[in-house]
Amino acid sequence: MDDSEVESTASILASVKEQEAQFEKLTRALEEERRHVSAQLERVRVSPQDANSLMANGTLTRRHQNGRFVGDADLERQKFSDLKLNGPQDHNHLLYSTIPRMQEPGQIVETYTEEDPEGAMSVVSVETTDDGTTRRTETTVKKVVKTMTTRTVQPVPMGPDGLPVDASAVSNNYIQTLGRDFRKNGNGGPGPYVGQAGTATLPRNFHYPPDGYGRHYEDGYPGGSDNYGSLSRVTRIEERYRPSMEGYRAPSRQDVYGPQPQVRVGGSSVDLHRFHPEPYGLEDDQRSMGYDDLDYGMMSDYGTARRTGTPSDPRRRLRSYEDMIGEEVPPDQYYWAPLAQHERGSLASLDSLRKGMPPPSNWRQPELPEVIAMLGFRLDAVKSNAAAYLQHLCYRNDKVKTDVRKLKGIPILVGLLDHPKKEVHLGACGALKNISFGRDQDNKIAIKNCDGVPALVRLLRKARDMDLTEVITGTLWNLSSHDSIKMEIVDHALHALTDEVIIPHSGWEREPNEDCKPRHIEWESVLTNTAGCLRNVSSERSEARRKLRECDGLVDALIFIVQAEIGQKDSDSKLVENCVCLLRNLSYQVHREIPQAERYQEALPTVANSTGPHAASCFGAKKGKDEWFSRGKKPTEDPANDTVDFPKRTSPARGYELLFQPEVVRIYISLLKESKTPAILEASAGAIQNLCAGRWTYGRYIRSALRQEKALSAIAELLTSEHERVVKAASGALRNLAVDARNKELIGKHAIPNLVKNLPGGQQNSSWNFSEDTVVSILNTINEVIAENLEAAKKLRETQGIEKLVLINKSGNRSEKEVRAAALVLQTIWGYKELRKPLEKEGWKKSDFQVNLNNASRSQSSHSYDDSTLPLIDRNQKSDKKPDREEIPMSNMGSNTKSLDNNYSTLNERGDHNRTLDRSGDLGDMEPLKGAPLMQKI
């Protein structure tokens with residue numbers, strides 16, 4: 001081979017290598033250009049097969065990032081470094097879309113670039129240089145079509161977290177960016193592709209813990225996440241919970257359960273639950289009305305069924321939860337809660353964020369299991385709103401209360417009482433307060449079994465504001481109506497209620513300053529709740545009363561409260577009622593139950609002649625001449641007998657000793673003369689009856705003090721009351737006061753006519769229908785007054801008392817107890833020989849005063865009885881018939897007793913704990929409103 005051929009071959013090889021190097025450089029440049037263009041322009045890369053699938057399903061898969069769908073704003077912010085092309089690829093009909101550019105407000109310009117593989121051409125060029133070198137270059141040219149389109153969008157305000165303030169604009173108007181082939185309608189024509197509307201029903205940041213709701217239950221709502229799922233914007237919702245309307249709007253930060261409610265500048269989240277308090281209610285409906293003050297509602301099965309009516313029909317707006325639940329409430333009868341009041345610009349609740357705005361087109365309330373689940377959510381705002389909403393649901397709805405218990409909601413609420421945030425434990429306590437009120441006693445037991453009482457006490461000791469303290473004490477008041485919880489409250493809550501509420505806010509001071517005026521009573525509603533709770537537990541048993549009496553400062557503060565209220569001319573308040581009823585219960589059996597009670601006991605007076613009006617024979621034995629001569633004389637001619645001074649004390653009385661001191665007696669007298677409330681009158685008369693019971697030193701002093709204060713006429717006036725309980729209490733007090741001889745004379749002169757008027761029969765009181773216990777109490781009082789009191793017996797005959805007594809015996813429609821009590825009075829009257837001739841002249845026969853108790857009616861008594869002329873003893877026995885009223889009837893302990901040491905005492909206690917609603921016409925009661933005090937009295 002000659003040199004020219006070698007040189008030509010070398011030249012060709014060099015040319016080829018140079019061309020290869022240039023081609024490689026060009027290829028790298030093209031790839032770099034492609035990579036750069038792809039990184040800048042590519043948004044969506046859809047293959048024809050995927051595109052056909054998307055068009056067939058009518059949905060579009062959006063990029064998923066960090067557990068949520070990425071919207072336009074997210075794609076603008078995302079990094080492009082993760083988009084790489086790893087070498088040459090088969091770009092089969094790729095579609096590229098540029099990032100939209102906002103040309104002007106409301107418009108976005110998008111550029112679409114499309115490659116046409118069919119139109120790709122290869123261009124080959126051959127170049128020969130002067131030295132004979134041939135250079136061949138092959139270049140592939142692709143056909144690229146660039147299209148620019150403009151679309152109009154509605155700006156969506158963004159929040160600080162990058163998500164829209166109102167998600168409805170995104171969920172309803174979001175247009176996924178696609179290639180132009182896919183941005184056509186079904187007929188091939190141009191048209192935007194609209195993504196599926198969101199289907200979330202609760203806030204986008206509402207996530208449950210991995211274990212469902214943080215706990216599992218053996219029964220009730222399931223704890224698995226499949227049942228309720230995540231409550232974020234991309235939550236997985238079961239079909240039965242999915243909204244039925246296509247125009248359903250995704251919740252926004254303005255919705256009811258938004259995680260971070262907006263509060264004015266300088267405000268705090270605590271302001272969300274600030275309400276202007278009204279008088280405390282048995283149940284509170286702590287909610288605010290949103291959406292133009294229309295109330296919310298749910299179907300009876302907590303369903304979310306689509307309501308009928310046009311979208312403009314206001315009836316489609318959800319009404320209050322209690323509306324037509326279980327068909328328990330008639331249609332169109334709603335129980336409105338007072339609207340929350342704004343305080344210093346704060347928001348009463350999250351509902352008010354949307355006040356004045358139209359409701360969402362397809363909003364649904366969360367179901368009861370969902371609300372209970374929200375109590376375990378990690379955000380405090382969700383917990384507090386769920387608790388407040390649960391309190392609203394339970395208002396006047398026993399079915400919901402029972403369902404909350406069955407769904408294990410009560411343990412969660414009790415656990416929230418220890419939560420550090422006020423809005424959380426306040427809402428939980430409010431829900432427990434409503435749950436604890438009602439006919440279902442199992443709710444109270446459930447709270448007790450969850451250690452609810454100790455939890456309430458812990459919260460009470462930490463509470464420093466009136467609103468929270470009021471709810472806590474109201475809940476304890478509700479719980480105290482159940483017998484099995486009373487001692488638990490005494491053991492755990494007594495000292496906390498006394499030290500944290502009664503003493504600090506009563507105005508009483510442990511070291512009083514004589515020069516200082518009485519302090520004003522603070523937090524009256526809280527004191528009312530606390531006194532009502534202690535009033536209930538004081539009827540439990542002697543052990544409870546002993547602990548209450550010995551609680552340091554309790555009796556002192558109670559007496560101070562009543563004195564202060566009387567001084568303010570407010571003797572008819574509920575606070576006075578609860579305090580006086582509590583003092584009455586603490587005075588029950590006080591002569592027996594106080595420490596060292598034996599030092600106050602007095603011996604029974606000796607009776608010189610046991611044969612008298614109370615002899616075993618109806619007509620008695622012959623009396624001595626001295627006895628008959630002394631019968632008509634006044635036994636208290638000596639003026640010294642009309643005045644009895646209380647023992648002198650070296651130190652002021654404190655604690656339980658105040659229960660039988662002159663100052664407390666004057667309180668009862670003032671209430672008898674000034675108060676118009678039947679319950680207060682009854683309690684005052686009952687307290688006097690208790691203090692005058694038994695043979696003890698202070699009982700004798702108090703009987704005399706009441707006569708000196710001219711209280712006998714005030715008590716006798718109560719016999720004309722229209723309220724049976726007041727009449728019965730006054731009758732019992734007069735009976736005990738009649739033990740004093742001087743009192744007996746005055747009562748016989750002034751009270752016998754009123755006592756006779758209250759007996760059944762005759763025309764004067766034909767409309768009255770007193771119970772058996774009241775009639776027996778009146779008869780026993782009459783017998784006590786006329787015994788050894790001839791003038792009183794004559795007064796009885798003059799007021800047609802004989803006719804009524806005989807009618808009770810012979811009518812055949814009275815109970816055995818009434819017949820026996822009337823027979824005792826008739827026997828006492830016939831025992832006076834001075835009255836026999838006048839009675840015979842009036843047509844009465846001896847047989848009218850002889851009563852065969854064997855023939856008495858036994859319809860209301862099946863037990864054996866004592867066939868004697870002595871009063872029947874029905875010691876500590878309650879009436880079989882419960883009066884149709886809210887208050888607990890005063891028991892008839894000792895209404896017919898043999899010994900003065902055991903009778904004449906009364907204890908005010910609740911007999912039927914199932915009655916929780918007050919009825920009109922009851923003593924001092926009213927229909928419980930959303931702000932009315934709890935009417936649970938003992």
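A Cβ is built for glycine as well, from the same backbone N, Cα and C atoms used for every other residue.
Among the residue ranges 10-46, 417-453, 565-601, the one that Swiss-Prot annotates as coiled coil is 10-46. S300 is the residue among S122, S171, S300 that Swiss-Prot describes as phosphoserine. Between T111, T147, T235, T304, Swiss-Prot assigns phosphothreonine to T304; no such entry appears for the others, which is not proof they lack it.
Just one residue in S320, S610, S895 has phosphoserine written against it in Swiss-Prot, and it is S320.
Of all the recorded positions listed (K401, K421), K401 sits in the most crowded Cβ setting, with the most other Cβ atoms within 10 Å. Secondary structure of the repeat 'ARM 1' (358-395) per DSSP (helix as H, G, I; strand as E, B; remaining residues coil): 22 helix, 0 strand, 16 coil.
Among the recorded positions K401, K421, S811, the residue whose Cα lies closest in space to that of N478 (site 'Essential for interaction with cadherins') is K401. In this structure, the CA atom of K421 (SUMO2 cross-link) is 25 Å away from the CA atom of K401 (site 'Essential for interaction with cadherins'). Around the Cβ of S811 (phosphoserine), a 10 Å sphere holds 13 further Cβ atoms from the protein chains shown.
S811 (phosphoserine) falls within neither a helix nor a strand when secondary structure is assigned with DSSP, and so counts as coil. In this view, N478 (site 'Essential for interaction with cadherins') is surrounded by 29 other Cβ atoms within 10 Å of its Cβ, with every protein chain counted. In the three-state DSSP scheme, N478 (site 'Essential for interaction with cadherins') falls into the helix class. Put simply, K401 (site 'Essential for interaction with cadherins') is 50 Å from S811 (phosphoserine) when counted between their Cα atoms.
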